[in-house]
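Single-structure report; data block below.
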Number of protein chains: 2
Amino acid sequence: MSSANKPIGVAVLGMGNVGTEVVRILTENTDDLRSRVGAPLELRGVAVRDLSKKRPGVPPELLTDDAAALIDRDDVDIVIELIGGIEPPRSHIRAALDSGKSVVTANKALLADYTGELATAAADSRADLYFEASVAGAIPVIRPLMQSLAGDTVQRVAGIVNGTTNFILSAMAETGADYAETLAEAGRLGYAEADPTADVEGYDAAAKAAILASIAFHSRVTAADVYRQGISSITPADLASAAKLDCTIKLLSICERIVEADGTEQISARVYPALIPLSHPLAAVNGAFNAVVVEAENSGRLMFYGQGAGGAPTASAVMGDVVMAARNRVYSGRGPLESTYASLPVASIATVGTRYYVSMKVEDRPGVLAQVAGEFAKRHIGIAVVRQEGAGDQAQLIVVTHLAPDGSLSETVAALEDMDAVTKISSVLRLEGTDE
Amino acid sequence: MSSANKPIGVAVLGMGNVGTEVVRILTENTDDLRSRVGAPLELRGVAVRDLSKKRPGVPPELLTDDAAALIDRDDVDIVIELIGGIEPPRSHIRAALDSGKSVVTANKALLADYTGELATAAADSRADLYFEASVAGAIPVIRPLMQSLAGDTVQRVAGIVNGTTNFILSAMAETGADYAETLAEAGRLGYAEADPTADVEGYDAAAKAAILASIAFHSRVTAADVYRQGISSITPADLASAAKLDCTIKLLSICERIVEADGTEQISARVYPALIPLSHPLAAVNGAFNAVVVEAENSGRLMFYGQGAGGAPTASAVMGDVVMAARNRVYSGRGPLESTYASLPVASIATVGTRYYVSMKVEDRPGVLAQVAGEFAKRHIGIAVVRQEGAGDQAQLIVVTHLAPDGSLSETVAALEDMDAVTKISSVLRLEGTDE
């Protein structure tokens, strides 16, 4: 059957780490790919910005700097977008979809803001839009959420989906070094980019949270809907205190279904560094690894673990999508469409309840603890743990609360800041992954 | 759109733990299912063996003891087979597929032996045959292997895919109790069936290994191809020795691509209790939980973890398949077909190399260790660890080897059995999950 079917033409846009690996697989693994697709997968061209750059392993006649013309070729059926960023990828993907070509992309920033537009274009022209590689690299997460859990009700998705920040936090926990030093080391080792803002300030994790929340809750969530806090203010003292509480600190992307007493539902989507107990499955996810925990009504808790970044792992996810999109063209099938029927609103972070860890520098004298505790009590926030560390000038008070709304906690912190006995609020972090 | 489309009729065969949960989800969750499918999912009937049994939650008019007539109804589009065993499920599924209906099943024993026949019937009538629930309950494993990794080259799949045996081995490791006692306890707690043979002797795990190997390596592997050894001979002494080696013992289902020096490839598929290092990700999978580790050329190591059995978790996997099969009918799509193009042969266990743990009762006198070591050396088997435990009458010698072919190891064990100084070979177990 395979030899009888018309070849499927593929165009690759972008030749970075992932693009290079995708081109390698497409050119090295032709026999297996043909057998799996049911027709030959033929690489028609690779669009790059700089034609003068050496590209070992790529036949020179396949290289072009005219992406639009490559996409427009009649013999291109599938466009693989690996450029990154909003433009030109958005225009390229629109052009491909509008002319009925299928698109595979790893572009989380674009998807987080423009899935609606792109999914509509794909639906209108009956083409596929696949993006497994946009979240957690090689780890299958999008397809399990969209297909395997299609008959279940997802309650929560919580993941470590940014390798740079996980590398930094793991290293800080292990070495006791401070943030700036560890970031520099991550840069030297290739785990952080020259401008690390998108990673360390949580923009990348927030884009991924938007994608996960949209799929998990059949709604449309964009990056702007996601509450976001980065890791740049985490100190060695925070990690040390976390360890004393049998916790570690991880940058989490959390998507939650909030069900009110009257049955109305909302989505919470948020990214922040949080303390999690060492016994939590995500606590053991170290270095550049990623993991996503999904909790659904019937499945219970599932965990997906693996390499969340890197050329070859991300290319694995891209190529899975390419084979599925190609098969759909051979067999006149079609991947799942965007599903946004639930249209759940996104809750403000002020209404979302979590547990908190508050660390403050205090005067070391009788009565201070009672005063501090009083501010929490006044706003009906229960305290689970209070610990004083150091003494005299170095007295540090650690408070861990029970579940509290973000709004009440912020008021409490403001009140503590006004107290004479509190010299400084050192850290306010959330605590996740406990049974409460 | 959803209201305009013709309803999709569903028939459920079998009303055990999983069937009951599937019927509950189908009847309680109609709005979400309709939105996700794009048409109403309507339960046409539930086939049971005993009509007189009370079935709370099922409208009595839906119950029938005539499965064949239910399958044959014109308004049934999807048949969910949850009876288990070979017949009548095989005939029912054939009847459904032959008349163009899609089938969702959790029946691993049937699939392990008859996937070829059933997949051909599905392909011939352009119907879907989905079976995510057949391996590892709620954990998405089949779909990731078949779709997400469709562009990668899987090297190895190793999993804990039987909850009963994992419960027993976890409990034995924790309590020090012996096998018979722990099996009885598992029965009392509902983790072992009245006749536990299929679980404890590894038949269930072998059926799942056959399914996983077939998909991972694009070949057809049946249960009879899988080397199989159960857990009934594991002793508290084995678990204690394992602990001293920083290991634990797990029943593993292993599917491996073996590449010879000349490039020819074979499959190894095997199920046995093995020592694994405590640092291995599968070592922490305890109780009735399941986990599957997949290693592929580009993705690297992935792990999938969750509840491997139980009514609701398994129903979650079944319902994911039902929604996908229903969508395919609404949108004229189609799930992936069986892929067996690689047709790799299955290697005999005699040629497969693993590391071994051999425990033997020996006479406590000088020279015995040298004699024992000599038998390994004679067959070119390297020794990694030798440990003597106890003394005098209770002297026990533990040998851990480097990689050795099963054939040479068996010869060595036979020679040791003939030695005067060796009173008894207590255990021969494999060691997996080390870097060697």
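Cβ atoms here come from the backbone N, Cα and C positions, even for glycine.
Listed features, source TrEMBL:
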type     : residues                                                               : note
ACT_SITE : A:LYS208                                                               : active site, proton donor
BINDING  : A:LEU13, A:GLY14, A:MET15, A:GLY16, A:ASN17, A:VAL18, A:GLY19, A:THR20 : NADP(+) binding site
BINDING  : A:LYS108                                                               : NADPH binding site
BINDING  : A:GLU193                                                               : L-homoserine binding site
DOMAIN   : A:357-430                                                              : domain 'ACT'
Taking the center of the Cβ atoms of A:LEU13, A:GLY14, A:MET15, A:GLY16, A:ASN17, A:VAL18, A:GLY19, A:THR20 at the recorded NADP(+) site, which other residues in this chain have a Cβ no more than 8 Å from that point?
A:VAL12, A:GLU21, A:VAL22, A:VAL23, A:LEU82, A:ILE83, A:GLY311
DSSP on the domain 'ACT' (A:357-430): how many residues come out helix, how many strand, how many coil?
27 helix, 30 strand, 17 coil
In this structure, which of the binding-site residues A:LEU13, A:MET15, A:VAL18 has the fewest other Cβ atoms within 10 Å of its Cβ?
A:MET15
Measure from the Cα of A:ASN17 (NADP(+) binding site) to the Cα of every one of the recorded positions A:LYS108, A:GLU193, A:LYS208, then give the nearest.
A:GLU193
Expressed in Å to no decimal places, the gap between the Cα atoms of A:LYS208 (active site, proton donor) and A:LEU13 (NADP(+) binding site) is 21
Within the domain 'ACT' (A:357-430), what mean pLDDT does the predicted structure show?
93
Most isolated by CB count within 10 A, of the recorded positions A:LYS108, A:LYS208, is A:LYS108
Same-chain residues at least 6 apart in sequence with Cβ under 8 Å of the Cβ of A:GLY14 (NADP(+) binding site), in sequence order, are A:ALA47, A:VAL48, A:GLU81, A:LEU82, A:ILE83, A:GLY84
Between the Cα atoms of A:GLU193 (L-homoserine binding site) and A:GLY16 (NADP(+) binding site), what distance do you get, rounded to the nearest Å?
13
In Å, rounded, how far does the Cα of A:GLY16 (NADP(+) binding site) sit from the Cα of the residue listed as 'NADPH binding site'?
16
Rounded to the nearest Å, what's the C-alpha distance separating A:THR20 (NADP(+) binding site) and A:LYS108 (NADPH binding site)? Just drop the number here, would you?
19
Which has the fewest other CB atoms in a 10 Å radius around its CB: A:GLY16, A:GLY19, the listed binding-site residues?
A:GLY16
